[in-house]
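The next block holds one structure in the form of structure tokens; read it before the comments.
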Amino acid sequence: MDSIVTTEDTIAAIASAISIGKGGVAIIRVSGKDAINSCKKIVQTKSKYAWESHRVFRGFIQENKQNKFIDEVLILVMKSPNSFTGEDVVELHCHGGIIIVNKVLKILLSSNSRVRIANPGEFSQRAFLNGKIDLTQAESINQLINASNTRSAELAFSGIQGEIKKKIDDIKNDLINQLCEIEARVDFEEDFTDFDYTKYLKNIKKVKEKIELLIENAKRNSYIHNGISIALIGKTNVGKSSLLNLLAKKEKAIVTNIPGTTRDVIEVNLTINDIPMKIIDTAGIRETYEQIESIGIKKSFGKIKESDFIIYIYSLEEGFNEEDKKIIQEIPKEKLITILGNKKDLIDCKNINSNELKNTILMSIKNNDGEKLLIDTIIKKCGLKQVENINIFLNERHQTNLSACLSNLNDTDEIIENKLPFDLLSIELRDGIQNLSKITGQELTEELLDNIFSKFCIGK
């Protein structure tokens, strides 16, 4: 977008984090055509740099015309188009107490009827509409703000730098090249030799492989950003609560020798190897006539469905028996699962059936023997062993549009296979390109844009 989009109103909001109510500095951001004039009305300054673009100067916030000052501030002016939003932007750097920053904001809003509180994400939305950033960069800004670990923050910054757009544009350019040739053949059929379907299918296969790789990595991206939810499942008294306490490094669940001690779900959020994990301790599964315990067991099966990963724990003392097999059969086949044999300190591992050892981690939770192997197994099965090779974060919206594009390309294969009219290839390729354009924000409705930016914080 070359032109700068402006609106009649000017927006303002607290742009810094002040959730605890205290801080050294708080920033009020103002954007719009009245940003500078509105701030001039409430700021007294003698600085020779006052109101110059990209200059910081000192001033005082004036509450009324009687020169009553309420705060000493630093003011940063960024004039259109050289600002984040593309509009005139002023930042007021106040002292960080919640009382004073709210007071300054209130004075600012009362200075001009065309200044209002910004909607969530409205600064970023204006930056997008003015062509300062694409939609993936805007979403990456929000991801960076909400990052829960360093790797998630790194992926978010990669998106801010435009890495997502680069990958999408690369795929889109491949499809545009194919589309240009096909449309030229449709319009000037007599000027071309026969169409090389084999070459076309080969080129499209390469494009599909790029898309499939992005979609495949998207789940791993989600684990890095949102975390892995891990349900501890098994019969009573096999060590589920002990494992929760071991991973949490503190006692979160009551541990006794009495079967059925855990009757409700206990959840603990941890960060292990810089990956957020939610460990869910569930009630032991067994036949029972006790009503409260039965409710807990029902919740256990509910958590199996909700979780990304299942650790099924059984006692090596008792062995892996028919009851264990029956419970595992209830776990959906698509679920990632690791079987953990606990209490290895109480038995001679040489006497364990070799079939039982297959795909099983042997552990002594009591003696903390096997924790590293368990963590490594979780990370490997979730595809995070080579986490450094994942350099972008694709959210659910991106994945949906990539899948739609992949569906379009699969349809072109069917068109060729069934010898359907040649111009249908053009239609599917155009739809595929359009689905890719939606990712970067070139093909979106105003309603959908509003929905995306509404999930941002107000000051961004």
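In case you wondered, yes, glycine gets a Cβ from its N, Cα and C as well.
Secondary structure from DSSP puts Lys132 ((6S)-5-formyl-5,6,7,8-tetrahydrofolate binding site) in coil. Residues or ranges marked as (6S)-5-formyl-5,6,7,8-tetrahydrofolate binding site by Swiss-Prot: Arg29, Glu91, Lys132, Lys460.
If you look up Swiss-Prot, you'll see 237-242, 256-262, 281-284 marked as GTP binding site. In the three-state DSSP classification, Ala283 (GTP binding site) falls within coil.
Under the three-state DSSP scheme, Asn237 (GTP binding site) falls in the coil class. Residues annotated as K(+) binding site in Swiss-Prot, with sequence analysis given as evidence: Asn237, Thr256, Ile258, Thr261.
Neighbours of Ser241 (Mg(2+) binding site), defined as other CB atoms within 10 A of its CB across all chains, total 23. Per Swiss-Prot, Mg(2+) binding site is recorded for Ser241, Thr262, and the stated evidence type is sequence analysis.
The domain 'TrmE-type G' annotation in Swiss-Prot covers 227-383.
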Model confidence over the domain 'TrmE-type G' (227-383) (mean pLDDT, whole number): 79
Three-class DSSP secondary structure - Glu91 ((6S)-5-formyl-5,6,7,8-tetrahydrofolate binding site): strand
Same chain, 6+ residues apart, C-beta under 8 Å of the C-beta of Lys460 ((6S)-5-formyl-5,6,7,8-tetrahydrofolate binding site), given in sequence order: Ala15, Gly121, Phe123, Ser124, Ile141, Asn142, Ile145
Neighbourhood of Glu91 ((6S)-5-formyl-5,6,7,8-tetrahydrofolate binding site) by C-beta distance under 8 A, where only residues 6 or more apart in the same chain count: Ala15, Ile27, Ile28, Arg29, Val30, Ile75, Leu76, Met78
Binding-site residues listed as Arg29, Lys132, Lys240, least Cβ neighbours within 10 Å: Lys132
Extent of the (6S)-5-formyl-5,6,7,8-tetrahydrofolate binding site in Å [max Cα distance among Arg29, Glu91, Lys132, Lys460]: 18
